[in-house]
């Protein structure tokens, strides 16, 4: 009897009331989400490690030369051998002159040099590949994986596969992990991404074959999406709107921190396998994050799992129960629908299962407009980000300094949107950042080609702007879509972003020779177009997150739900 008195009586409430109780408490405690923020942000530093490690792990050796088999037993120095085999050739050891090196090995160097000089005046021999007479040699072969599998000269195209497989992995991962997170939960997707990340890192570290190394790189790309988007969605869904802006920007800023740490590690650790291992060990800490990270209460609410969401938010077992009449009516409606459709086709199963989230992305005209505009924005942003990186790579600096300075340029670019978001809101900030980036890239047209310093300066200014734009676009897209399809929307948007990242090298390599200004000019035009398309999107900074597709607002502010109440009215002035 006393036990029953001490317990709270069961209270039956409607589904909407249950949801409102949890969301109101979630908004209240969202101001103290520092621990959740820490759990989500630390794995994103790992993405900065591996996604950009190609510059350090796979750089072309500067000291490559061709060792002639027939001259190996002579006492000639390397410079002496090169003065005969590669005289006046600028192929970095890929080709040599087709001399009779066995005959030359029987001479002293002076005699051989004089002989080849006289013969060259009469008629030069043919130019042949190094592998026909010898093998590639390097002064520091352990600093790059290129030397392990001889990915140079005629095989150099295979070297780029290491970066392409990262992009392909991100392409696949952003699509699949986004759908997985919406169907099975943010924490489940995050945990699976962490497992992929650790296993793939080990593949890359200890792989004896290049094919297995590429599989590891593909896995790292996929896992990076599995860590980034569920973590980012957790912050957006569970942090109150007052702190959501700066936390989402800080989340994106953790990526260049990983780049800076990776550059420092590469400077201290030269062998590429040791460097890969040094970048892999911190990934083991993600196991702790997976254990401590809670599931997103908003996702649980969208799936109707109110009791579990209540336990996470209130830290205690719920004493509320859904109204039985509501439950019975729900079952009745479900039974009627089931009776009216006794035969379920394969297409019906796909629509209700794996393809459900994808179909919902194009379910209504409003959502279609949002998703197609977001796809273009993400693709253009990613394209310009990587094009500016490639165009700025002609700086005469070491690769360690270049990666570090790129990270340092990216860091302040994330601070600018924090201020702008508080003053102008999501829509205006996104549009202004697109315009700023587009103008910076188009300014290259008015700079003479010989003014390398100014060309690089505008390219880096474009990178500064596009990095800031990337962080704003990611936050904006996360708030545009309802909870039930948010991760699918972000995942497919990321897929289109990686279309841009895969296209970027081709834009530079194919268009660059036609006109050094063409890549940045095309990017500038595309970015300005994306800025104009932003006008089609609604403002999201002054309304609560929507949970269902029917709650998606139109471009008109009259359809938005302000934070102060749930009535349809015009927005007040943006303050976030």
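Using the three backbone atoms N, Cα and C, a Cβ is placed for every residue, glycine included.
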Q | Correct range for transmembrane segment (source TrEMBL, candidates 370-388, 465-483, 484-502, 541-559) | A | 370-388
**Q.** Annotated transmembrane segment segment (source TrEMBL; candidates 215-236, 303-324, 325-346)
**A.** 215-236
Q. Which whole number is the mean pLDDT over the domain 'Major facilitator superfamily (MFS) profile' (107-541)?
A. 78
